[in-house]
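TrEMBL annotations:
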type: BINDING; residues: A:HIS266, A:HIS270, A:GLU296; note: Zn(2+) binding site
type: ACT_SITE; residues: A:GLU267; note: active site, proton donor/acceptor
There are 2 protein chains.
Amino acid sequence: MENYITLYKETRRKLKAYRYFGWLMGWDQETEAPELAVEYRTKQYQVLAEESYKLQSDPQFMEAIEKLHENLDQLGDQDFKVEIKNAYKDLRIVKKVPKDEFIAYQVLVSQGSQIWAKAKDNNDFSMFEPTLEKIVEFNRKFVKYLETPELKGYDILLDMYEEGFGVQEYDLFFNTLKEELVPFVLEVTKNNRQKFSRRLTKAVYPKDKQKEFSEYLIEVFNYDLKRGVLKESAHPFTSGVSTRDTRITTHYHEDNFTSSIFSTIHEMGHAIYELQNDPKYDDTSLHGGTSLGIHESQSRMYENMIARSMAFWKTHYPKLVELFPKQLKDISVEEFHRFINQAQRSLIRIEADELTYSLHVMVRYELEKQLINGKLKVKDLPNKWKSLMSKYVGKRPTTDKEGVLQDIHWSGGMIGYFPTYALGSAYAAQMYQAMNKEIDIEKEIENNNIKAINEWLRKHVHQFAQSKTPKEILNICTKEDFNPTYYVDYLKNKFSSV
Amino acid sequence: MENYITLYKETRRKLKAYRYFGWLMGWDQETEAPELAVEYRTKQYQVLAEESYKLQSDPQFMEAIEKLHENLDQLGDQDFKVEIKNAYKDLRIVKKVPKDEFIAYQVLVSQGSQIWAKAKDNNDFSMFEPTLEKIVEFNRKFVKYLETPELKGYDILLDMYEEGFGVQEYDLFFNTLKEELVPFVLEVTKNNRQKFSRRLTKAVYPKDKQKEFSEYLIEVFNYDLKRGVLKESAHPFTSGVSTRDTRITTHYHEDNFTSSIFSTIHEMGHAIYELQNDPKYDDTSLHGGTSLGIHESQSRMYENMIARSMAFWKTHYPKLVELFPKQLKDISVEEFHRFINQAQRSLIRIEADELTYSLHVMVRYELEKQLINGKLKVKDLPNKWKSLMSKYVGKRPTTDKEGVLQDIHWSGGMIGYFPTYALGSAYAAQMYQAMNKEIDIEKEIENNNIKAINEWLRKHVHQFAQSKTPKEILNICTKEDFNPTYYVDYLKNKFSSV
């Protein structure tokens, strides 16, 4: 048994290094690499994919995992048991998916984002369609390879991003939203064109001042730049590899200054989660967020529940006014608070407001479900997208740039990922309730003491990294199972009063 | 033979990928990575070093190289012959240096720059001394391992950076400088405190305007940002991996605006060299500059011979004045030209002027020679440094920050590297003469047609990448052997008139 453990840990060490190289290449690609570097980089990705695959499919390594899994009880360490369970689950892929197909797919998706970005720039779905065809095609074959009596089709993809959540769970969740939320949203957003000062909507907010405010926010949220980086990229994201290196990006639009504020805070929510993992997991396979849903619950809580609250802006609005004295002259904190909490029918998910956001996600969930079960073809995506948007969000896109081409995810092969975004907001509402029983959240926010919130979340969510499943985390944190009514109640309550 | 070729090329493909990962980690480390990321990154470096070593020392790979080397005549392709010759030469290390020592050293030097940077910040040589001790110690053992009847001691290190140049060649070169240049320099710099407008020496030059001028220079020199990046780092450098990705850094000092100008141009010289390699070498081991000396000849030619000329500023000074209208008001192009061509006794190599520069290098050459042959101990370096500076440059540093701690190189294990800097300037003078016979360089500069110079250098130097030795390149380009008198003549001529 000792030999198996040694072998497992030695291979893990190498795999962690390969993941690090891939992580860094991804970070570089999105933030820095020159345009024409793509071809050469892709060749190196190919070597990395081959070498990683070779390690993962090494018969001795696979045997070690199987033997350790057979003898789980003999492994004293609880964390190590979880690791072996996960590794055993991952073995499915190596055992059942043909190597060449798998590697070819890795290479395909490593190039996908560049192709997608060009298609989006040109507002031309046909430039992206052949790539997306291949990605969907692979995923449909992929779920066939992995099929078991218990888990089939789209469920397999969903479970990879959110363990324990399949079509059954999501259908229940989204049906609640369809029944309870969609009518409310369509009503609230019917004629809600609020009036705001032109200085909020039309003034120019210089980028360097926005950057200064980002730096201020970094202090407020206690995001540690000795263990992080803030950069710019087309689409904000968080990219972490250890509790000593978790980086974020944002973007600045001079005609939409609140976008960078909430993007930066959103990504800090993700980053703080990983930075507050117990460092003992850094060299194991358990570092990071346990699932995308739990990850998103943290970013959404920081962005929406903390940073769009009146308590937050009571304290921080003066700083914003100091940076933009002309633009925000005579604009009260109440008006600003209403401005950042507008609910309206819109087209772009990442710019969508808190109220309508999960309905954007519901569109993607239904499309993915149909793509994977074969009821929808890639070429029909643009139109289907438009009609579902019209139905759930009450607004129909006229271009693909504002429709099916807006998100990067599918270009990187991420199918089954989107639904976790909506789940995250629902988790967040449930967690917030639980936390509020122990600390007075609004008071801490108003006292500029986000540290207290960070610390509560560290104890109840972050420290566990991937050593607990999403369902376990939710139970530790809220002492009950997932319950989406907290979310619906929270939204109805907030958007009836705003 | 076919099998050996296939095996060689397949291993080369992997080694190129590993080099890419290391390259990217280095770039990230110097430009972006958060401070506390060092420990985790070092672990991944260790895996990379082990895996690279494993590939390089694989008995089948070594056998392939040896067999191919035995049958060089049968390899039709001239480039491939050169590759095999080089690979055979590199085998020395794997064959003769104990693996554990070699890997431990790779890890040591991957951490060296961070330790050095702290020591330098604190002006405290003792913080760096133990690391440098280990580095020197390893290099002294290293040359013992590699010793042959033809090549011994310091010669082995020198040859690794500049093939065909050892103590004998360098002694001749530096003796020429000692005899011809040192007396001239000490005379010229004796009482040369020129008077310049206080606006040149004391005004503040805002960083964002300096950045704008960098962007302008990128256009002027035709450095292609689709295949490159310009960033900031403590110490400017060029970092290239293919003809599609060669990046540079610069630094901005608001109280010394010409520093960024010439750093940026210097690094562009390096980058243009590698970007103009024939792309057919990208996937081989022959991509890149053939030697440090030839590399430096390009950066020095762009920086000093092109960009410090009157012809250059006749054309581009108006742009500079446009960006700094207050600071440069009433300052003539002639005064500016004199300002950027001051020769004076100074302490910092990278800020040294063109005239005294190679004498700074001579100091390092003598120190390295003595460190490796055992006549000098690391602990005595700071004082020895001071006395040699006094002797050759006529100025004695009072602190180690301005002395032995100023350069990053030794912290990365680069011993034998410095002398190539001086050699580069001498090569450049010789190449410039040859080029000037075919095109009217000053006229092209004045016509803002650097393209013509780039193209001449592409044809006569850059395209060959590492397929020719430094001596061969010099012969192709100038039709004669190395001759340092061009350099001495050029300097005496320029600095008698400025």
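Note that Cβ sites are derived from N, Cα and C of the backbone, with glycine treated the same way.
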Exercise for review: Check each residue in the chain of A:HIS270 (Zn(2+) binding site) that is at least six apart in sequence and keep those whose C-beta is under 8 Å from its C-beta; list them in sequence order.
Suggested key: A:THR238, A:GLY240, A:ILE248, A:GLY289, A:HIS295, A:GLN298, A:SER299
**Study point:** For A:HIS270 (Zn(2+) binding site): DSSP state (helix, strand, coil)
**Key:** helix
Practice item. For the recorded Zn(2+) site, whose residues are A:HIS266, A:HIS270, A:GLU296, find every other residue on that chain with a C-beta no more than 8 angstroms from the centre of their C-beta atoms, and list them by sequence position. Key: A:THR238, A:GLU267, A:GLY269, A:HIS295, A:GLN298, A:SER299, A:ARG300, A:TYR302, A:GLU303, A:GLY424
Revision key, fill the gap. A correct count of other C-beta atoms within 10 Å of the C-beta of A:GLU267 (active site, proton donor/acceptor) gives 25
Exercise for review: Using a 10 Å cut-off, grab the number of neighbouring Cβ atoms around the Cβ of A:HIS266 (Zn(2+) binding site), all chains included.
Suggested key: 25
Study note, to complete from the structure: Same chain, |i - j| six or more, Cβ under 8 Å of A:GLU296 (Zn(2+) binding site); the result in sequence order is A:THR420, A:TYR421, A:LEU423, A:GLY424, A:SER425, A:TYR427, A:ALA428
